Amino acid sequence: MVKYDAIILGSGVLGLSIASELILKGLKVAVVGKDLPEDLDSTGFASPWAGASWRSVAVNEAERRRDHYTFEQFARLAKEVPHLCEKRAYYYFWTCEDAWKEPWYKDLVFGYRMLKPEEVHAPFKYGVTYEAYTLNTPLYLLHLASTLRSAHVPIIRARLSSLDEAYSLPQLGPVDLVINATGLGARSLLGVEDPTVFPAKGQTVLVRAPVKECYGLVDPLPQPSQKAYIIPRPGPDGHVILGGCYLPNDWSTNVDPQVAEEILKQCHTLCPRLDGKGGKGTWKDIEVIAHNTGLRPVREAGLRCELEERVIGGKVRAGLATKGGKVGSGRKVSVVHAYGIGPAGYQASLGIAKELGELVDACVKKSSDNKAKL
């Protein structure tokens, strides 16, 4: 049996990106998930349902660093696989003069500038444009998985109830290092059980339209949970994602028809050409392909990206849960947590993978040093 250096729990964009980073470091890894990259219709994980565009919402230096690195890697990806990642024009419109706050990334993206009055259509008064990247998320997930499998990385379907199980899976053998990229699963996975993890429901409409640019509404909508944005997917199909909403602590994956109608109306106002009639039709003329919902994996304090040392096996005092795994005596192991990214999974994914790789380097070095002392 192959001896693996690490097991990655979770096969969403973070888990697959982390696996890709670790094999570049020469580690033998395997990916384990309840849902697999091919499960593109599953609401069990958020990754297949994203837009996804690169528009950073970073609020601190660590988040900016991750987003910046991912942006640079998307530039490479756009050259290598343009049907997955493509540089597009972005346009944002608003009516209240002070609504737009100059973003930290204005010198990172391409051609950032305020729009001239004649470039802004009614009912809006102001606008900004720049160029950044968009992804075809379902195809990107499949691309990551295919690349990993070509590198002999197994991606296995398994449902685990506890973190401890991952260190001794029958299909993979014992490991001393697990990467926890379980997303919402971190709330219920025994040994993690993070009560600050919660879902934020999103709803979008997949349409076919002759639109190549991204659009966003800056002004708040009557419902604070609702946003208006347009994200064309790279590729020849003419697919465009219209959104959306952000509903914290909503576990429902049902489509709300009223939300869907509001999305279509607001997005048609943003870009009338969505109607396929050169802007002369109405929102009802938009060619709808599918209505989608997904649950974003949010954590109150933001992303958890840290190394934790644990002890598994041995005797555990009666009545105590496995959370933390530090009670009793047994085998010393490590876990690196990478969950709680919320709506920023794609635009931060490669930066998070790089940061996590550095944590794994430190963990492996410490383990080697300890063995050398024995």
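The backbone N, Cα and C atoms fix where each Cβ goes, glycine too.
Quick look at what Swiss-Prot lists:
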| type | residues | note |
| --- | --- | --- |
| BINDING | Ser11, Leu14, Lys34, Asp35, Ala46, Ser47, Gly51, Arg296, Gly342, Gly345, Tyr346, Gln347 | FAD binding site |
| BINDING | Tyr229, Tyr246, Arg296 | (R)-lactate binding site |
| BINDING | Tyr229, Arg296 | anthranilate 1 binding site |
| BINDING | Tyr246 | anthranilate 2 binding site |
| DISULFID | Cys214-Cys271 | disulfide bond |
| CARBOHYD | Asn180 | N-linked glycosylation site |
| SIGNAL | 1-19 | signal peptide |
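Shown here: features listed in Swiss-Prot, placed on the structure.
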{"residue": "Ser11", "record": "FAD binding site", "Cβ neighbours (10 Å)": "29"}
{"residue": "Lys34", "record": "FAD binding site", "Cβ neighbours (10 Å)": "17"}
{"residue": "Ala46", "record": "FAD binding site", "Cβ neighbours (10 Å)": "24"}
{"residue": "Gly51", "record": "FAD binding site", "Cβ neighbours (10 Å)": "26"}
{"residue": "Asn180", "record": "N-linked glycosylation site", "Cβ neighbours (10 Å)": "25"}
{"residue": "Cys214", "record": "disulfide bond", "Cβ neighbours (10 Å)": "27"}
{"residue": "Tyr246", "record": "(R)-lactate binding site", "Cβ neighbours (10 Å)": "18"}
{"residue": "Cys271", "record": "disulfide bond", "Cβ neighbours (10 Å)": "21"}
{"residue": "Arg296", "record": "(R)-lactate binding site", "Cβ neighbours (10 Å)": "22"}
{"residue": "Gly342", "record": "FAD binding site", "Cβ neighbours (10 Å)": "20"}
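Counting other C-beta atoms within 10 Å of each candidate's C-beta, the binding-site residues Tyr229, Tyr346 are led by Tyr346. Taking Gly51, Asn180, Arg296, Tyr346 as the recorded positions under consideration, the smallest Cα distance to Cys271 (disulfide bond) is found for Gly51. Within 8 A of the CB centroid of the (R)-lactate site residues Tyr229, Tyr246, Arg296, the other residues of that chain are Ala200, Gly202, Lys227, Gly243, Gly244, Cys245, Pro343. Among the binding-site residues listed (Ser11, Gly51, Gly342), Gly51 has its Cα nearest to the Cα of Tyr229 ((R)-lactate binding site). Using a 10 angstroms CA-CA radius around Gly342 (FAD binding site), the recorded positions that qualify from Asn180, Cys214, Arg296 are Arg296. The record assigns Ser11, Leu14, Lys34, Asp35, Ala46, Ser47, Gly51, Arg296, Gly342, Gly345, Tyr346, Gln347 to the FAD site; their largest pairwise CA distance measures 23 Å. Cα to Cα, Gly51 (FAD binding site) and Asn180 (N-linked glycosylation site) are separated by 24 Å. The recorded positions recorded for this entry are Asn180, Cys214, Tyr246, Arg296, and the Cα of Arg296 lies nearest to that of Tyr346 (FAD binding site).
Using Cα positions, the member of the recorded positions Ser11, Lys34, Ala46, Asn180, Cys214 nearest to Tyr246 ((R)-lactate binding site) is identified as Ala46.
Taken residue by residue with DSSP, Cys214 (disulfide bond) is part of a strand.
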